[in-house]
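Report on the structure given below.
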Amino acid sequence: MPDAEQLPDGWEKRTSRSTGMSYYLNMYTKESQWDQPTEPAKKAGGGSAGGGDAPDEVHCLHLLVKHKGSRRPSSWREANITRTKEEAQLLLEVYRNKIVQQEATFDELARSYSDCSSAKRGGDLGKFGRGQMQAAFEDAAFKLNVNQLSGIVDSDSGLHIILRKA
């Protein structure tokens, strides 16, 4: 049985914010597990051609449209958001199409229409790693290629479109 204080190389012990339980984070791949590791952490890709080349961090912009079912249905733009989820989706579809058709830039639309305070930076969230964003948002962001625009992503905060920059 491994010693509780001594972890193999590449692992870090953390505490879950939602459950208060300890978990273990692979510092190379940012994957986590509940069971205490007994072997050194594997590095991203593992050297095999099909092993994937998952980044440690991504740099993304996003445009958030909140709806009345959002976790906090208010924003810097509106004190009380009353639109439905369906209305939010229609708005995002219009914004996404404008970007794809090159009728507007992501930066312009985020500054004008995003319900996130990052709107002031054109939706720029900067770089972030695994475990820093809501799971649905994070999963979508890490699946994107550089300069790829996501479809509509549903999170507790509302609906998003995401543009990965790095």
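Count begins at 1; order follows the chain as displayed.
Cβ coordinates come from backbone N, Cα and C, glycine included.
According to Swiss-Prot, the protein has these features:
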- 44-53: compositional bias 'Gly residues' (COMPBIAS)
- 5-39: domain 'WW' (DOMAIN)
- 55-166: domain 'PpiC' (DOMAIN)
- 32-53: region 'Disordered' (REGION)
Using DSSP, what's the helix, strand and coil tally for the domain 'WW' (5-39)? 0 helix, 12 strand, 23 coil
Averaged pLDDT score, the domain 'PpiC' (55-166): 96
DSSP-assigned states of the domain 'PpiC' (55-166) in counts, ordered helix, strand, coil: 38 helix, 26 strand, 48 coil
